[in-house]
Every structure is written in structure tokens, then in C-alpha cells.
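K.L.:
Just dropping this structure here.
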Amino acid sequence: MATILPPPSKKQKTADIKRAQEQQDIDYIPDNLGNVRIQFHDAATGAVTGPPVSVPVSDATTKNIELILNTLLGNDKSERLPYRFALRLGNKADEKNVLDITSDIYRLVLKTGLKTTEDVLGLEYTPQAVFRVRAVSRCSASISGHGEAILATQFSPRSSSRMVSGSGDSTARIWDCDTGTPMHTLKGHTSWVLAVSWSPDDMIIATGSMDNTVRLWEAKSGKPLGNQMKGHTKWITALAWEPYHLQTVGNPRLASASKDATVRIWDVTLRKIDATLSGHKGSVSCVKWGGTGCIYTASQDKTVKIWNAKDGTLVHTLNAHAHWVNHLALSTDFVLRTGYFDHTGQVPEPAEAKVKKAKERFEKAATVGGDIVERLVTASDDFTMYLWEPQKSTKPLSRMVGHQKQVNHVSFSPDGLYIASASFDNHVKLWNARDGKFIHTLRGHVAPVYQCAFAADSRLLVSSSKDTTLKVWDVRTGKLHTDLPGHKDEVYAVDWSPDGKTVGSGGKDKAVRLWKH
């Protein structure tokens, strides 16, 4: 069922007529404004790149600036990289005084009076993903097998060939996404499987259930690894693996969050509890294991807590929300999930090289202005989100308001520059991940939106909704790219494979659907 948009309201019609009657500004840049001097800085390290360059104002568009920077860096025509540019208007510590250059210098900087042609403009540059993900446009497979609604889905960190789904039928299933067939059924839980998580080395799958237990499975064969892991007194709500670069080689750990208000850290090899994080007064709704050695937990007691993963001690409590905290996301989620796997498909052989590559990928993603910075965004039933930099302060960087109902799910783009939020007000919103400023409202869904997932190149976003559809959005324009009808009922879970080739979704109609370009 394709979504039919409602007819425009009287207010929208009036606004359209008024816009049509107004004389439109002719979109051109005067060519008699002289030159502007630009000094390039690497946003990650803060290092100066080359001497200041003088550019005619009429030619100072992002496309031309990108060409100049590629020339300064000595990149061949075949190796030209796409870049994003930002102008810092205040001091280094103040992230709110940063202006993204999206079109040209004249309209955004000179015309608004922020700077003049006398000033040297210090432009910070960030490379965009070199590869480009093609938008998914068709349903390549609808695979039945589950006997109840599908509640969670996740792709393997290695490729789009395999995906795991957790269902209300007490099983999880591993799917072969290349052929559209089921590979293994993971049987053992006695109640709904609420959470599934693939280890960053692609070897183990963890599942958490309403039967209060966590189970581990061999990802290749689907065989159980030992017995169930007991400890929680209520059901499991979320799972998070220890990042690969922090693991003791051959001895990974796993964190499980539960409705019993605790988080337990498990020694996966011995299948015993390593530590219990207790301090929340309500159900723990989400857990994330950060790359700097902290564990982040969100709870229905309105707080977010940060724990030291080594000894399980409480480091900070973040108090800002006025209602349940439903979800949280880290700016480094993508690289932590994929470990040493990247878009090149090259996997280092010895264990030390794998750890080194995983650490390098994390540090590259987390470096801002020469510092390792892990940002956190929290979403709540109080209709708001908060952006935090917990290593620096327990005060939020920004309060993000605009949703009219509960915010159910948040996600950072893989490049760490955008945040997407899915809400019960039928909308997805995009925000600037640097300062929390609002960018776009993505309109098109006609019922609550449950989840959203970015493509690996951060240029596209997919969302799943109660209205039975998935929608793919263009992040840059905020416009609907592709409407994906096909599900027969509500779509609870969606994931975009780390290599960008496939989107997997599941919901109330009990079928896993795979979408390709």
C-alpha cells in the first residue's frame, strides 16, 4: 500500500498563493565584489592546510572550493575527494558558533554580514565518504518463517549477506540475504526475543528475551554456545558488545540491559556475570558500550548513567529529561559496530592487526579538533532530545525540541555529522550533530515512526513506520527519495547493512523483507 498524502490544508494553500504572488529573488551572485581569502584547516586535527587562497566572490561556491582544496592537497583528478566545509565564527571550544557552508560564501557569509572581504575566512574541512551507496528501490525478497511479529533485526558487520532477526515466536533466525532464504533457526528461548546483536568480529550473535535470559550463538553454524545466561529477574531490553579494540583478544564481553533496572556485563567465554551495574530506579531501556571505555545506559527513571566498563563504577548521572528516556545513540556507533570491517572489504589477518585497524577506525571517527570526542544523544517521552559530550561536561550541549509526541529512536550518521530522530508524531527529523540545530523535518509517514537507519555513506536514511511502509530520504535535501510499500502491517524494525547494499525490515506481518537497488 503506497502512502497517499492528505490534501493541503487551507493554511498551506494560503501560504502557497502568497508565495506565488511575492516577487521571487533572482538567484545570482554579483560579479563586482572582488576576492575573498580562504585559509583551510583540517577539522579533525586543526592543522593549517596550505597558504591562504584568494578566490573571486562570484566563484566561491562549495564545488569550486572543493576543487581548490583537492589541488592544495595534491589529489589527482581520479582521486578527488568530496568535502564538507564549515566556518568557525567563535573560539575553538564553542561548537555553537560554527556555520556549515552548504552553497556559497556570498549568501551565507558576506551577504549576512558575518564577515567581509577584508577578513581571512578559516574554513574547516571534513572528507565525506568516498564511496556512494545506491538507494534501495525494490523488495528483492519477502521471507516467511517466523510465527509471530519480528521485533529486532541486525545485519552482520562484515557484509550484507547475512542478517539476524528476533521474533515474538521465541526464536531468532539467521537469513541468507543473497539468496533470500533462511539459514538457521536459533531455538532455546521460551518467550519473545526482544534484542539481537552481532559481535563486531562477526563470530557470535547474542539474543535477549522476555524469559529473562541472554543466549549466545555461533554466527556461522547457528549452534548455541553453551547454556542460557541467567541473572536478570525481568526481561532483556537491549544488548551491547564491548568494542573490538578494547577487548582482551579471545575474551569478548557483552552488556545486557533489563526491565529489572540493572545492566549486567557478561564474560562471554565463561558465560558468567563479570559485573552488575545497579543504580537505576526504573527499567533500563537502552545500553551502549562506547569506544573510550564507558558504558552508557538510558532508563525509565528519566536519567542517563555513564559507567566505567573496567570496574563497573558509576562515573556520571545525566539529569535533564522530564520523562522516560527511550533510546540513546553514540557518534561512533557505526565504527564500533563494524570493528575492523570497512567498505574496502580487506580484513587484516593477525589478531593484533585487527585490533590496530579497529582502533584506528574508532579514533578517526571520534577525532574532532585534535581531541577524541564521543558524543551522545538521548531521546525521551518528554518529546525532546539532548545532545551531550559526557567526557567534558554533565551539562547538555543542546536541547533539541520540535517533535510533538514521544521520540522513540535516534541515530547518528556514520560520519558523525547528522542525527536522525523517529517519533510517534509521524515525522523523522534531521539535526546537526555538532550543535543540535534543527535541519529538516522529513514528512511522508502517516502513522508513528518506529526506527530509522543511515546508509554507510551518510547521504541516505531509511525509516520504518506503523503505516506499513519504509521510506528512503535524501539527507541533503530532506526530500523523500523512495517510497517502499510492501509490508502488510506495522514495520517495527529496520537496518541498513554496513556495506550499503541491502536494507532489511520486519514487523507485525511476520515476514522479513530485503530491499535492494
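Placement of Cβ uses the backbone N, Cα and C atoms for every residue, glycine included.
Heads up, TrEMBL stuff is auto-annotated, nobody curated it.
According to TrEMBL, the record shows the following:
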- 36-87: domain 'NLE' (DOMAIN)
- 143-185: repeat 'WD' (REPEAT)
- 186-227: repeat 'WD' (REPEAT)
- 229-268: repeat 'WD' (REPEAT)
- 277-317: repeat 'WD' (REPEAT)
- 400-441: repeat 'WD' (REPEAT)
- 442-483: repeat 'WD' (REPEAT)
- 484-517: repeat 'WD' (REPEAT)
K.L.:
Ranking 143-185, 186-227, 229-268, 277-317, 400-441 by Cβ pairs under 8 Å to the repeat 'WD' (484-517), which is first?
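P.N.:
Between the candidates 143-185, 186-227, 229-268, 277-317, 400-441, the best contact partner of the repeat 'WD' (484-517) is 143-185.
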K.L.:
For the repeat 'WD' (143-185), give the DSSP counts of helix residues, strand residues and coil residues.
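P.N.:
With helix first, then strand, then coil, the repeat 'WD' (143-185) has 0 helix, 23 strand, 20 coil.
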K.L.:
Do you know the mean pLDDT across the repeat 'WD' (484-517)?
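P.N.:
Averaged over the repeat 'WD' (484-517), the predicted model reaches a pLDDT of 92.
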K.L.:
How many helix, strand and coil residues does the repeat 'WD' (277-317) contain under DSSP?
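P.N.:
Helix (H, G, I), strand (E, B), coil: 0 helix, 24 strand, 17 coil.
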